[in-house]
């Protein structure tokens, strides 16, 4: 049973976008850009991440800043395009996760912030 401040949502169809950046300055710049263009309502930057991955056949290990961006389905494509066009990586991490449940007040704020 849901309490009064949470709901299963179809509107505003919130999504979370994950993106990594090579350093805090780049993450700040990307976040400022998408927030100024109202493509995301909130950007949470988590410095201190270490990513391990194979690139061109070689195991890489890099310090990165994990970005968590909150937006809606109707803004996600423009957000992804903006991040990709301004990102220093050839192939940036761009993952979209659906939000299946959330606080009504927060989701209302998120939706209003993108107008």
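The backbone N, Cα and C atoms fix where each Cβ goes, and this holds for glycine too.
If you check Swiss-Prot, you get these features:
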type	residues	note
BINDING	19, 86, 87	Cu cation binding site
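Compared over the binding-site residues 86, 87, the count of CB atoms lying within 10 A of a residue's CB peaks at 87. Taking the mean position of the Cβ atoms of 19, 86, 87 as the Cu cation site, the remaining residues of that chain whose Cβ falls within 8 Å of it are 21, 26, 30, 82, 83, 84, 85, 88, 89, 92, 94. Residue 19 (Cu cation binding site) has a Cβ environment of 25 other Cβ atoms inside 10 Å.
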